[in-house]
Every structure is written in structure tokens, then in C-alpha cells.
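K.L.:
Pasting in a structure now, in C-alpha cells, and then I'll have a few things to ask.
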Amino acid sequence: MARLFLAINLPQDVRAKIFETFSKKLKRYEGLKVVPKDNLHITLLFLGEVPDEKVEEIKNKISKIKFPKFNIKIGKIGHFGNRVVWIYADSEDNLLRKLSVKLQEALQIHDERFHPHITLCRARKPGKKIKYIVESLSKINFKEEITVEKFSLMRSFLKSPAPEYKEIFSVNLT
């Protein structure tokens, strides 16, 4: 079995800027697991545990996707429930969301609630403080813009203290 997700890997300088801007502030809060700098990415679609024999089929399906290069803006802070704090990524004409939907369609996975994001941290235990943390981080004026030229099929290896991510396939945008 392989733990897989589809992502946009961020340029190293953008990862560094996000990490430097938010990690010290997040480390002040007890019970949070801050995402390491090298693991910061835009999640397009989480696939979960996939049988090894299905990986080639996934590569084949996503390789057929034709999509134009586009720019995205990163900056707005949000959260999923009481556990995850993230940065929202958005694009003109909603192209980032459209790419995510196209991937869902190609792989026959449908999740209306999902939207592309960059996970900053996870709470070890659910708690009400997540909303307070989001309010606090929202006061930071963080804005970054990047051009998306490809997306990647990533494999996650669960290790301690943090998972290791490896790109196993990528698709260039046109």
C-alpha cells in the first residue's frame, strides 16, 4: 500500500517565507505539530492508502489531464474543524479549484468539501484554541504569488518526527 496525494510543490523560497512567517508563532502554542518547511505544499487531492498495483493506473489517468499554467495567490488563513490550520491558495477564475475538480473527476473521487490548501499545523488533540490561533495569524499580512507549471503525485512515508514526502510522478501544465 502507498499513502498518496496530489500536490503543487512550492518553490523553496516560498516555503522558507511561509515557514519563517508562521512557525515561531505556532510553536508558542502547546499541542501543535508544525509542518516542517520542506513538507509545505498545496494539497490538491488526498488519495489515502492506495494498493501498489493501482499507482500506475493513477499515473496514467492524471497524465492525460490537459490544463494551462496559472498564477495563484497565497495568504488567507483558515482551519478544518478543531485540528488543522492552513493557508488558503486561490487563483483568478478559480483555476486552482478547477484543477482539483478535474483531478477528482479523472480519478472518480468526489469531495465537494475539499479545497486546495497549505497545511501549517495540526493539533494533537482537537480543541477550541484553533479558532483563536487562526484569528491571531490572520492579523499577519502575508501575501505571495506563484506560477503553477506542474502538479505532482506524492507519496507520504509516515516517520517520526514528521512524514517524508517523495514526488513519484509529475504532470506539466501547458
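Residue 1 is the first one shown; counting continues down the chain.
Backbone N, Cα and C atoms are what each Cβ position is placed from, and that goes for glycine too.
Pulled these from TrEMBL:
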{"type": "DOMAIN", "residues": "16-86", "note": "domain 'Phosphoesterase HXTX'"}
{"type": "MOTIF", "residues": "41-44", "note": "motif 'HXTX 1'"}
{"type": "DOMAIN", "residues": "111-162", "note": "domain 'Phosphoesterase HXTX'"}
{"type": "MOTIF", "residues": "117-120", "note": "motif 'HXTX 2'"}
{"type": "ACT_SITE", "residues": "His117", "note": "active site, proton acceptor"}
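Tell me about the setting of these features in this model.
P.N.:
Mean model confidence of the domain 'Phosphoesterase HXTX' (16-86) amounts to 95 (pLDDT, 0 to 100 scale).
Tertiary proximity for the motif 'HXTX 1' (41-44) is limited to same-chain residues at least six positions away from its ends with a CB under 8 Å from its CB atoms, namely 5-10, 72, 89, 96, 99-100, 103, 116-119, 151, 154, 165.
According to its DSSP assignment, His117 (active site, proton acceptor) is in a strand. Around His117 (active site, proton acceptor), the same-chain residues at least 6 positions away in sequence with a Cβ under 8 Å from its Cβ are Ile42, Thr43, Gly78, Trp86, Ile87, Tyr88, Ala89.
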